[in-house]
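Q: Provided herewith is a single structure, encoded as structure tokens, for subsequent inquiry.
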Amino acid sequence: VKIYATGGTIAGSSASSTDTTNYKSGSLGVQALLDAVPELADVAEVTGEQIANTGSSNIDQEILLKLSKAINEELATDATHGVVITHGTDTLEETGFFLDLTVDSDKPVVMVGAMRPATAISADGPFNLLEAVTLAADEGAEGRGAMIVLNDRIGSAYYTTKTNAIMMDTFKATEQGYLGAFISGKPHFYYTPATPTDKPHFDVTSLDGLPKVDIIYAHQDMDPALFTAALDNGAKGIVIAGSGNGSIPETVKPLVKQAMADGIPVVRSTRTGNGIVSAKEEGIGSGALNPQKARILLSLALTETDDMDKVRSYFE
């Protein structure tokens, strides 16, 4: 099992063992993470590589592309059964979703993080890491796409999302449900391997960058200038985090229609955190994808096509 470290709280440290909020993310290197869990040697032959060492709010497309390419290359070797990515929880779901769409392998890809830094009393990172490696080494984990594991829960990276800013049980699989859970140190799956309906795959091996897609948050008395500013700043696509079923103010609808007519796709998602956004006259419905995941899918879709109907087919 190969571990790719990117930083985050799981590699964070603080001067106080009781401080679980004011710490420095990405303080520890991958070897320190491995040394803290000697039990890993009982699960698999584990190696590590440092891809980045930062808070996950700093993860950018350069890191995403580097990570995806490295994982695809690693999983193509017979010796590697699966990979684990240690990551900050703030954008862990975005990286997991990106890898779910760009890694071309049935071997396990497991995202893992922590809500308490490594220096905290009862830090959750070491046990989460042990479960992540156990999952990556398990034959039953094959063919399930990228997964997220924290707090004994196993979820699909396609649907799982962070739902609480600071609490331990922050990652939820929402209405799609968890794939399984850890019981007595072993993964227990609720279903046979399956993938989300119509999940696309994108080959990023030759890409050096991704099209710019911005997210705009809808609200009462929303200023249409926010939408215009995104376009003026070079956005090739826009995701609107709309209220309810992706609703947007009447003052913004004409701008959405004009952008679509000009070949700039606009995807309507929801700020509610859960639910399916259906198709409407203005823009493209995001389906079950939240704004941050819709942004990633739209950016990847634009690497393959600028045909509006084709882009729409990825969502609706």
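Note: Cβ is positioned from N, Cα and C throughout, glycine not excepted.
Features from TrEMBL:
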type	residues	note
DOMAIN	1-193	domain 'L-asparaginase N-terminal'
ACT_SITE	THR9	active site, O-isoaspartyl threonine intermediate
BINDING	SER56, THR89, ASP90	substrate binding site
ACT_SITE	THR89	active site
DOMAIN	212-315	domain 'Asparaginase/glutaminase C-terminal'
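What does the local environment look like for each feature on the list?
A: Per-residue confidence over the domain 'L-asparaginase N-terminal' (1-193) averages 97 (mean pLDDT, predicted model).
Taking all protein chains in view, 31 other C-beta atoms sit within 10 angstroms of the C-beta of THR9 (active site, O-isoaspartyl threonine intermediate).
In this structure, SER56 (substrate binding site) is part of a helix by DSSP.
In the three-state DSSP scheme, THR89 (substrate binding site) falls into the coil class.
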Q: Which of the three DSSP-derived classes (helix, strand, coil) applies to THR9 (active site, O-isoaspartyl threonine intermediate)?
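A: Going by the DSSP assignment, THR9 (active site, O-isoaspartyl threonine intermediate) falls within a helical segment, counted as helix.
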Q: Long-range same-chain neighbours of SER56 (substrate binding site), Cβ under 8 Å, sequence gap at least 6?
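A: Listed in sequence order, they are THR6, GLY7, GLY8, SER25, HIS87, GLY88, THR89, ASP90, THR91, LEU92, THR95, GLY113.
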Q: If you take the centroid of the Cβ atoms of SER56, THR89, ASP90, the listed substrate site, which other residues of that chain have their Cβ within 8 Å of it?
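A: Leaving out the recorded residues gives GLY8, THR9, GLY55, SER57, HIS87, GLY88, THR91, LEU92, GLY113, LYS162.
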